[in-house]
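**Q** Pulled from Swiss-Prot, these are the listed features:
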ACT_SITE  GLU98  active site, proton acceptor
ACT_SITE  CYS337  active site, S-methylcysteine intermediate
BINDING   CYS118, CYS122, CYS125  [4Fe-4S] cluster binding site
BINDING   GLY165, GLU166, SER195, SER218, LEU219, HIS220, ASN294  S-adenosyl-L-methionine binding site
DISULFID  CYS111-CYS337  disulfide bond
DOMAIN    104-332  domain 'Radical SAM core'
Amino acid sequence: MLDQLSVESIPPLLGASKAQLTHWAQTYQQPAYRGQQVHQWIYQKGVHSLSDITVLPKQWRTEIADIPVGRSQIHHRSAAQDGTVKYLLKLADGQIIETVGIPTQKRLTVCVSSQVGCPMGCDFCATGKGEYQRNLACHEIVDQVLTVQEDFQQRVGNVVFMGMGEPLLNLEQVLAAVRSLNQDVGIGQRSLTVSTVGIPKQILKLAQHQLQITLAVSLHASNQRIRTQLVPSAKHYPLEKLLKDCRAYVTQTGRRVTFEYIVLSGVNDQTEHALELAHHLRGFQSHVNLIPYNPISEVDYQRPTQKQLQQFLNSLQSQHITASIRRSRGLDKDAACGQLRATQMIDPASS
């Protein structure tokens, strides 16, 4: 992958493993440890240009200066009152993606995008209201984590693939990013969460990799009728089949599945819905995350009250379903769940 080729044909180095970078350095007749130095400077020191790696011989630095590391630019940064920071990152082709840094007392979490836009068109989600452009490459995903880590000057402890896009439609690059975040950046697999609305066959394909990551399935409904209304792709992936595949995932990996459930007042928040959901999940190694709807301008869904949320939670727990309410972060900067969208999908300066 990283043999000595013309600059135009060499992919960005970000996302490459220590072994790959060692081999790459050797193609330039450099000793193996030079590749290890490049690895350290890319992943630990956050270098944006190979010419800035001062421990390398000056002549070689000049020779490789034009080979891209694969880092993006911060196009815009906005901080919410709760400390959450939303970033618009400008990619090499001018496309804009969103990334969110979410600090808590215990850890720094990064919510990464896996696509530019999203083709799934979920009714309550801002990203789905915009145009889908393309999949992100591995380096464009890993870069988001390093960018937040550098900006906060704090080590990232948790990464969730819950930003723009459907990760399982970009499974190859997402898996490559998971490997790099784990082995190169040093984030444990159990601190990585991949979210999906459910893509036929892809959950089973993911299970074959036997990863220790968390799979989060965006369920959002207790029956097929409501789910089809909220998630158009559910027409091609019935709820029963989705849940069957999730059970198979648990069996194959030994990891419980997290079910994300955006609560919409008057739509999917009634006691009957909670009991229906509990029926589906009884005996299932799972956890339900209840997420209060975060408003977007295109639709008139209503956010539930705290009382409604608590009643729904109580109904689930009365049926012995493990569940919790997720606190919304970054709401005042449109950085909360379901609110992500790049206000400029392409930077005007690049066109």
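Our numbering is plain: 1 for the first residue shown, then up by one each step along the chain.
Backbone N, Cα and C atoms are what each Cβ position is placed from, and that goes for glycine too.
Since we're looking at a predicted model, the values are computed, not measured.
Tell me about the setting of these features in this model.
**A** Cβ neighbour count for GLU98 (active site, proton acceptor) (all protein chains, 10 Å cutoff from its Cβ): 26.
The Cβ of CYS118 ([4Fe-4S] cluster binding site) lies under 8 Å from the Cβ of CYS125, THR127, GLY128, GLY130, TYR132, MET164, GLY165, GLU166, each of which sits 6+ residues away along the same chain.
Mapped onto three states, the DSSP output places GLU166 (S-adenosyl-L-methionine binding site) in coil.
Annotation note: CYS111 (disulfide bond) sits in a strand segment as assigned by DSSP.
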**Q** Quick one: pull the CA-CA distance for SER195 (S-adenosyl-L-methionine binding site) versus CYS122 ([4Fe-4S] cluster binding site), whole Å only.
**A** 14
**Q** Calculate the distance in Å between the alpha carbons (Cα) of HIS220 (S-adenosyl-L-methionine binding site) and CYS122 ([4Fe-4S] cluster binding site), and round it to a whole number.
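**A** Given the Cα positions, HIS220 (S-adenosyl-L-methionine binding site) is 10 Å from CYS122 ([4Fe-4S] cluster binding site).
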**Q** Let me know the DSSP-derived helix, strand or coil state of GLU98 (active site, proton acceptor), please.
**A** strand
**Q** Given the recorded positions CYS111, CYS122, CYS125, LEU219, which one has the fewest other C-beta atoms within 10 angstroms of its C-beta?
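**A** It is CYS122 that, of the recorded positions CYS111, CYS122, CYS125, LEU219, has the fewest other Cβ atoms within 10 Å.
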